[in-house]
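Below is one structure, written out as structure tokens, with a few remarks after it.
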Amino acid sequence: MKSPALQPLSMAGLQLMTPASSPMGPFFGLPWQQEAIHDNIYTPRKYQVELLEAALDHNTIVCLNTGSGKTFIAVLLTKELAHQIRGDLNPHAKRTVFLVNSANQVAQQVSAVRTHSDLKVGEYSDLEVNASWTKERWSQEFTKHQVLIMTCYVALTVLKNGYLSLSDINLLVFDECHLAILDHPYREIMKLCESCPSCPRILGLTASILNGKCDPEELEEKIQKLERILRSDAETATDLVVLDRYTSQPCEIVVDCGPFTDRSGLYERLLMELEAALDFINDCNVAVHSKERDSTLISKQILSDCRAVLVVLGPWCADKVAGMMVRELQKYIKHEQEELHRKFLLFTDTLLRKIHALCEEYFSPASLDLKYVTPKVMKLLEILRKYKPYERQQFESVEWYNNRNQDNYVSWSDSEDDDDDEEIEEKEKPETNFPSPFTNILCGIIFVERRYTAVVLNRLIKEAGKQDPELAYISSNFITGHGIGKNQPRSKQMEAEFRKQEEVLRKFRAHETNLLIATSVVEEGVDIPKCNLVVRFDLPTEYRSYVQSKGRARAPISNYVMLADTDKIKSFEEDLKTYKAIEKILRNKCSKSADGAEADVHAGVDDEDAFPPYVLRPDDGGPRVTINTAIGHINRYCARLPSDPFTHLAPKCRTRELPDGTFYSTLYLPINSPLRASIVGPPMDSVRLAERVVALICCEKLHKIGELDEHLMPVGKETVKYEEELDLHDEEETSVPGRPGSTKRRQCYPKAIPECLRESYPKPDQPCYLYVIGMVLTTPLPDELNFRRRKLYPPEDTTRCFGILTAKPIPQIPHFPVYTRSGEVTISIELKKSGFTLSQQMLELITRLHQYIFSHILRLEKPALEFKPTGAESAYCVLPLNVVNDSGTLDIDFKFMEDIEKSEARIGIPSTKYSKETPFVFKLEDYQDAVIIPRYRNFDQPHRFYVADVYTDLTPLSKFPSPEYETFAEYYKTKYNLDLTNLNQPLLDVDHTSSRLNLLTPRHLNQKGKALPLSSAEKRKAKWESLQNKQILVPELCAIHPIPASLWRKAVCLPSILYRLHCLLTAEELRAQTASDAGVGVRSLPVDFRYPNLDFGWKKSIDSKSFISTCNSSLAESDNYCKHSTTVVPEHAAHQGATRPSLENHDQMSVNCKRLPAESPAKLQSEVSTDLTAINGLSYNKNLANGSYDLVNRDFCQGNQLNYFKQEIPVQPTTSYPIQNLYNYENQPKPSNECPLLSNTYLDGNANTSTSDGSPAVSTMPAMMNAVKALKDRMDSEQSPSVGYSSRTLGPNPGLILQALTLSNASDGFNLERLEMLGDSFLKHAITTYLFCTYPDAHEGRLSYMRSKKVSNCNLYRLGKKKGLPSRMVVSIFDPPVNWLPPGYVVNQDKSNSEKWEKDEMTKDCLLANGKLGEACEEEEDLTWRAPKEEAEDEDDFLEYDQEHIQFIDSMLMGSGAFVRKISLSPFSASDSAYEWKMPKKASLGSMPFASGLEDFDYSSWDAMCYLDPSKAVEEDDFVVGFWNPSEENCGVDTGKQSISYDLHTEQCIADKSIADCVEALLGCYLTSCGERAAQLFLCSLGLKVLPVIKRTSREKALDPAQENGSSQQKSLSGSCAAPVGPRSSAGKDLEYGCLKIPPRCMFDHPDAEKTLNHLISGFETFEKKINYRFKNKAYLLQAFTHASYHYNTITDCYQRLEFLGDAILDYLITKHLYEDPRQHSPGVLTDLRSALVNNTIFASLAVKYDYHKYFKAVSPELFHVIDDFVKFQLEKNEMQGMDSELRRSEEDEEKEEDIEVPKAMGDIFESLAGAIYMDSGMSLEVVWQVYYPMMQPLIEKFSANVPRSPVRELLEMEPETAKFSPAERTYDGKVRVTVEVVGKGKFKGVGRSYRIAKSAAARRALRSLKANQPQVPNS
């Protein structure tokens, strides 16, 4: 041992080698360079691994410090030799015997062998029983079992009687083999061995070779004797010699501190006092009965502690400790009941106070006086001064500080491609809270004996730091190991203590503190960094304590200083000699003695010549590897290979001596390195040279195969070799902030216009096409939804309808539905005639009528739009058609158009005057199909009504429904001063003409096709059947509009029809484009073919049962369930878009005779009734009261707007009604942050799909089906209407493509989410398979990197953008008045400035066009306002706007100078004007959101406000689809004030990520329609290579169907041979795509490969039977189970590549299975199910259930233990657990819930086996699924019935506002702890190996506690 200093050093000569003084340069060996890579020796492997090697090699006695490693070595050795023991006894196979000392140890061993292997184990522990067995009985046992575990007594009997001969045993394991030294059966058994010719391999295990103090000679003798008896070599584990026998040994220094001279005499005096007191207490003869506490105990303890501090540290410290103890004593004294005890405590208290007083005479306790400390302390301070840091400015670079290989680096993410920005905020910046590491070169521990010494020494050092600038750098802390031991139960206060200790350790690990003062507890087991200074303040008393504290000094340059008092030094030197001798003996027993290497370290310099270096580019002094640096290169290379947290891969070097005395080495790299062959070096003179040369040769080979780069460093995963895959694109130059591909980055794109509608305006005398828009009522509105008992008007009943006149043909598209008040109407676009021409004059008439429809009937014209048919991009005519003469054929109805032109009521109100002389005459037929206009009000924008019914039994003289007026006539006279001329005319019941122009989805269903809860259907029916709520008009006061009601009803459908037509044509165009680019489908469809209708996959009608049960079923299953399900939102001054903002008196009779409900709040009654005229007053009151009362009553379920019904309030406020009051009751639904039950992170409309425990609702409500599910089924069975074609050959249905282009924000009846998920998993599968087959030698890290680059959102976004998808996508809700450009119109540039959203000026928060609330805004308010409407409308006469419609549409706005519109993506901008409203966080009933200057609000602004967002003000039974899905719209605060200016009619703003989603959805769409081969071709055409390219010439071969089938993996799914293979596009590309080939070899060329293979997979037949699949090529099977640490497998790779493949395959198969589930899960449920089923926990649990772990091949001690725990846990639980990567151990253990860790390796082999089967079966997904489906089916069923959610997500949904997760903290044993605080409800902690595991453990505890305290929440 060349330890520099064993001799005592005098004070002067204390020479420490600190990093600062090191010749290696200042940074060498700083403690935070945690894992130093060794340069002169190979990275050592774990000692258990070394021991296992030794045991495989020869008979071995393993000496370990603990029991844990023993099992590992024994079990692994058994497994390695298992091929010798399978099969029948005797001729073929042997048996393995484990001997234990006592019966109770048998079971323990048995379970270990059974857990980790599939061997049959027999246990024999009972001598009585076993002794009586006959030979036959035994031989049966031996036949049955392969491993026999018996107590030594049983074994002795068996062997002595010859039941089993030693030659039949292949391995004999002796547990506790040290017993063999004594007279013990072990000895007898070994005697038998002497006579046996073929003796078994022997493994002895012992943990107790060293106990307490022992003499080196004895020890040596003991070991030698044991070796003799067991005929083995002893091998010690490195935990007995210094822990890493390879790291440079610390420099050991014994410092003689010199005697303590007590000049002041204070020391003597204090000592005297304390000793006198102790003597007194000891003399007190207090009788102690055995049961009682000793009254003097505490006093003795305190005084002796105090005395010890005085002696060791000196008077200053004694004073400090006395002060501390006095405080402690007060507590005891206060609680002490018993007189005697109390007296002793008081005595002690007095004494301590006396000591303090004595000290005060000598020094002021405030400052540290070094006269009063012991020499030991002085010495310590002197040592610490040597570690003073250098000046900071020399080193500014911090980059390697937080290096990823550190032990204490917390990896934040477990997944390979984290595109989600989920946990960014969790990352702590380590540099923030403490000085840069370079100010910190110390990382030290001072070991002391007593707790108090630690505490006071810490105080002293802190104090010294304040006074001595040289010590100011120290930041110290102490740890006293209170209950730090792993498993003892802990009390509450210990818990607190424990937390504190952990915090101390955390800081020390993070190098926030640089000095730890610790009691011996830290010697073992606690995870702390490598220190460069260890000081033993008290000398070590036994070998173990010496080694363990020395073992803490592991930094490359470190000092181990032992401080000794002069009087102790002699005896300690003796001890130290003993320790050294023991260490030496043990070291020699170490399987690889490192002494040899150390001896010649210094000779290394002249090795250079021994072997020439490997130099690149010799001319310019290029990079080189020399014989001295080669080993370092190899170590570094191995460290970079992919591995799991348990395995640190290291090279293995074997050196053998040749007969001539030279040595040669063989180097084996870890098995996942592409360089597989072992490398044999040339013979050299010394071991050291042999090892170095072989490394040098290896470097050369690695460089040649591209594993080392141009600088001879390991190539990263980003390696150049695979450049072509990464296809590194130039990042587009955009000014748009945000990361490309993320949700945060949004850009504008023009909306696409299908080619066939572009500039297709008919020209005079040019041939035209006339299409008829066919409308048929296919599903009439069911009675229970027809609350007003309205008559239904089937459109087909009247012949006059609309047509489209265009100059270009329109391709065939599927029929599609629109939903009118009468029910579902199917729309078809049929060609009526073509090739005819029209004259200029006719066209002008048609054009005028076209404009009339859009501007007057639909009132869509507004200042920003201008009718310019010649200049418009999308231009065609809409015109009326009718049956001409009697021919029964439709044609253009010119006569009708001319009549309209002549009509007086065409635009305004005709001025008919009736008088007494010419009274009004009522003609019934005029009113049968009429639209009427009241003539006495709203002159500029008159209201139009349908006549619903003629009440012939009523006349103007009938009784008026409200007491204020006698009759109707009186009402008109009084209110409008109108006289009627005909008092016998009947009255008219009227309905508003519809202003709901978005008819794409039905009103009674939400998007998922779920019925909306119709709160009080019964009540409402009654209401509509009575007269009260009807609107009644007098015919004489109305004019009849020239457009009949039947045609008007059809006109209302036009915007929806044209919009849907437009979208479907865009989709059809995309289908055709893909057909030419990818060769999937045909370019133009056959003439006679039409795709099946677009439908949403919903049930058509809803049976009344389910309706009546709505309250309990559909709500019961919805997440945001509220007890009072009447979600009434008061709808007040409802008004129709374009009406004049004058508040005149209105007269619609909305009569309501009910009194105010008693329970409504009193203030409502008073305020409301004051200003309302009586009639309106009543019904207003009723509605307000109800509505508001409802709001008062409970938390509003704001969260899923889908559940709002517009409430029908046909009432107008009168002029005098103050707007503020209205606003008080307006009370918007509260912002979502108050919704107690539903998180706003999840408002994506799945909020009300079933997550209940399988509530019956699932079956009764029509679940959201894939929009085209029905269609897909038809396609699959190929029974499409035109027989002979199918979407498999033609390409997908445009309806399905449209689904893939529709974001959930568009609030349509379908969206891309389901397809996206399917596409996502297929994409992963396709790319994975391609990479796997194309790069047979790339390891998993690289494959994974390439995959994540290819599937990243950023890449997909780029490809989607190139393909032109953004323009075709449907991103926002269809809202004709706001964002639809009618055909023939253009956006008028001059006037549209107010229409444009201006750049750079920010108002409140228009949430970008897609109208969804972004994650960032979630926290803010709901950002919606509702303005009172000026006139009540019937239920759907109500414009629905989404956020983006914060556009003001009316012309009046121009006049009133409305608001300048500005858009900012930041939800909080400074409110500087009255118009930038901010909603209060909590809008309570009385609060006024618009308190700012409401008085001067001019009314046209109200008008404007009505456009803001009525969709929140929903009337009662109308359906508004508008919900927000935060995942799409992230207008985050963090985007900075990015503002985007764009025009809503022609442009759309889309987040990059949505484009990526759309690419995935299209892939899903091609996959479901055309099969897998087509989907692969589609990907290739996008530019994602997933198939190999073959050049034109070899095309014929590629078409050979046999080969083809290789890749059409699921033949049932992909009839890919039918699909044309390559693109036969006009572009004539030379690319053709072939099929992937299975990589040729899975086994390496190796002389005995077959034999080795059979050895290695012996026993796997049972496994093959179990999974029911026989491998054709067994090498795949072996590879699937080989872990990277298993270096015995030299013939295949490890499982990582197969795992990479299998992971993607299982993900795809499971996703596909879920997608095709007839239950048609909604996207949210699909996502949850997928993450519940495709995750490590589930895979690992299944792997254990199917015994995968027994065949697992790994050599990794930690992994062994984790698997062990997990398997035991699984067996106890024996039941699969839901989501999340951990399973809970016990519910009770509330203190510290540590979830059981799921070994990732188990999940990995579950996946890798799938990959192996896939490869072995010739790439057949079907075969994989046949093996895996049976294993997974029970879980799939279980979860589908009751979808699990991850605890983290569930918690965030339960407590969206209040749950906050802390950053990760490290616990003392190196795990991670996360705390989640639920504000107001407590803090919950979770612990686990990774951040994610800990986070979900914490969430799970929080949930448990919350659920326990909230029984009232159903469905939790």
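Backbone N, Cα and C define each Cβ position, glycine as well.
For the Mg(2+) 2 site that Swiss-Prot gives as D1804, E1807, the extra residue drawn from E1699, E1716, E1877 is E1699. Within the set S1084, S1464, S1500, Swiss-Prot records phosphoserine at S1464. When the ranges 989-1017, 1598-1626 are checked against Swiss-Prot, the one recorded as region 'Disordered' is 1598-1626.
Feature motif 'DECH box', per Swiss-Prot, maps to range 175-178 of the set 175-178, 623-626, 723-726, 1843-1846. Each of Y1695, Q1696, L1698, F1700, G1702, D1703, F1739, G1803, I1805, F1806, S1808, G1811 belongs to the same chain as E1699, D1804, E1807, is absent from that list, and has a C-beta within 8 angstroms of the C-beta centroid marking the Mg(2+) 2 site. A distance of 11 Å separates the Cα atom of E1699 (Mg(2+) 2 binding site) from that of K1800 (site 'Important for activity'). Of the recorded residues, E1316 (Mg(2+) 1 binding site) and L64 (ATP binding site) place their C-alpha atoms 55 Å from one another. Distance from the CA of D1804 (Mg(2+) 2 binding site) to the CA of S1862 (phosphoserine) is 30 Å. Around E1316 (Mg(2+) 1 binding site), a 10 Å sphere centred on its CB holds 27 further CB atoms from the protein chains shown. For the binding-site residues E1699, D1804, E1807, counting C-beta atoms within 10 A of each C-beta gives the highest total at D1804. L64 (ATP binding site) and K1800 (site 'Important for activity') are 28 Å apart (CA-CA, integer value). Ranking the recorded positions T71, S1862 by other CB atoms within 10 A of the CB puts S1862 at the bottom. In the predicted model, the domain 'DRBM' (1843-1908) has a mean pLDDT of 81.
Recorded residues G69 (ATP binding site) and D1804 (Mg(2+) 2 binding site) have their alpha carbons 24 Å apart, per Cα-Cα distance. DSSP assigns E1316 (Mg(2+) 1 binding site) to a helix. Each residue contributes its Cα atom, and for E1807 (Mg(2+) 2 binding site) and K70 (ATP binding site) these two points are 30 Å apart. Residue counts of the domain 'DRBM' (1843-1908) by helix, strand and coil are 26 helix, 19 strand, 21 coil (DSSP-based). DSSP assigns T71 (ATP binding site) to a helical segment in the three-state reduction. The two recorded residues, D1804 (Mg(2+) 2 binding site) and T71 (ATP binding site), show a Cα separation of 24 Å. Neighbour count (other Cβ atoms within 10 Å of the Cβ, all protein chains): 24 for L64 (ATP binding site).
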